[in-house]
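Colleague: Here you go, one structure.
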Amino acid sequence: MSGALDVLQMKEEDVLKFLAAGTHLGGTNLDFQMEQYIYKRKSDGIYIINLKRTWEKLLLAARAIVAIENPADVSVISSRNTGQRAVLKFAAATGATPIAGRFTPGTFTNQIQAAFREPRLLVVTDPRADHQPLTEASYVNLPTIALCNTDSPLRYVDIAIPCNNKGAHSVGLMWWMLAREVLRMRGTISREHPWEVMPDLYFYRDPEEIEKEEQAAAEKAVTKEEFQGEWTAPAPEFTAAQPEVADWSEGVQVPSVPIQQFPTEDWSARPFTEDWSAAPTAQATEWVGTTSELS
């Protein structure tokens, strides 16, 4: 399919991207029309997709998209969440018309409604989830391209690109690859230099995961500021200006502090006024008497 041209052959970095994203991993079920794209079957029942056939169909789909004179006449659709961001990014890069989310029935057939469109080419992410636009495309003789898994029905699909259309990374990578090949065939970007757009921008991210990451980053920033504040706070006793002393042997003149004066009385000069050997006081006698009476 690549015409035996070296520039159109699949590079090693492309294969590594496919393997890292899990594009070659299909499902446990197999449609009879997808048997031609299967390489092997694993011991756990998962079918392995032949990436060589995936690359050939990717180039064929890119040629079909480039053949449309007006890029806006190409409609790209994804009703599933995993492909909506990729569809929007693909449309922004190639000029296609995106439909991300629910497809309104009658968009291609009902001329009365405001959302009526007449595209010349349709690209969908999942033939099973996007069955409505595929069915309407068959009514108006609209050629279709679809990312197909091992169990995807190929009814009303003209160009099937075998790949894993369930994983978020695989779907994002396939749309990124398709956008890159379209731009290369149009001459917008060169094949000699890598595309500056990263595949990560086409990946779907769960809003809950993004919120959790933002909260974790905010908490980490707060704890880091508190930690730095505790250790970087200036201590007043160490940062106070110290007096300059030319000769350290002289020392620093310490300001004199008034010392509280206490009476210097001679305790031995006091007259002896009490005899410790005298008899106990009357009060003690009374207590003794009281004790004797009680006894």
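Each residue, glycine too, has its Cβ placed from N, Cα and C.
Taken from Swiss-Prot, the feature compositional bias 'Basic and acidic residues' applies to 214-227. Taken from Swiss-Prot, the feature compositional bias 'Polar residues' applies to 280-295. Per Swiss-Prot, N-acetylserine is recorded for S2. Residues or ranges marked as N6-acetyllysine in Swiss-Prot (evidence: similarity to another entry): K52, K89. Feature annotation from Swiss-Prot assigns phosphothreonine to T97. Among the features that Swiss-Prot reports, region 'Interaction with PPP1R16B' is placed at 54-113, with the record citing sequence analysis. The region 'Laminin-binding' feature in Swiss-Prot is assigned to 161-180, 205-229, 242-295; the stated evidence is sequence analysis. Marked as region 'Disordered' by Swiss-Prot: 214-240, 263-295.
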Colleague: Can you tell me the three-state DSSP label for T97 (phosphothreonine)?
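Modeller: SS state of T97 (phosphothreonine) = strand.
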Colleague: Can you work out the mean pLDDT of the predicted model over the region 'Laminin-binding' (242-295)?
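Modeller: The predicted confidence over the region 'Laminin-binding' (242-295), as a mean pLDDT, is 57.
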Colleague: Taking every protein chain shown into account, which of the modified residues K52, K89 has the largest tally of Cβ atoms within 10 Å of its Cβ?
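Modeller: The residue with the densest Cβ neighbourhood is K89.
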Colleague: Using a Cβ-Cβ cut-off of under 8 Å, list the residues of the same chain that are 6+ residues beyond the ends of the region 'Laminin-binding' (205-229) and lie near it.
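Modeller: Tertiary neighbours of the region 'Laminin-binding' (205-229) are 85, 168.
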Colleague: Using the alpha carbons only, what distance in Å do you get between K52 (N6-acetyllysine) and T97 (phosphothreonine) once rounded?
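Modeller: K52 (N6-acetyllysine) to T97 (phosphothreonine), Cα-Cα distance: 29 Å.
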Colleague: I want to check the contact list for T97 (phosphothreonine): same chain, sequence separation of six or more, C-beta distance under 8 angstroms. What comes out?
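Modeller: For T97 (phosphothreonine), the qualifying residues are A72, D73, V74, S75, V76, A91, R117, P119.
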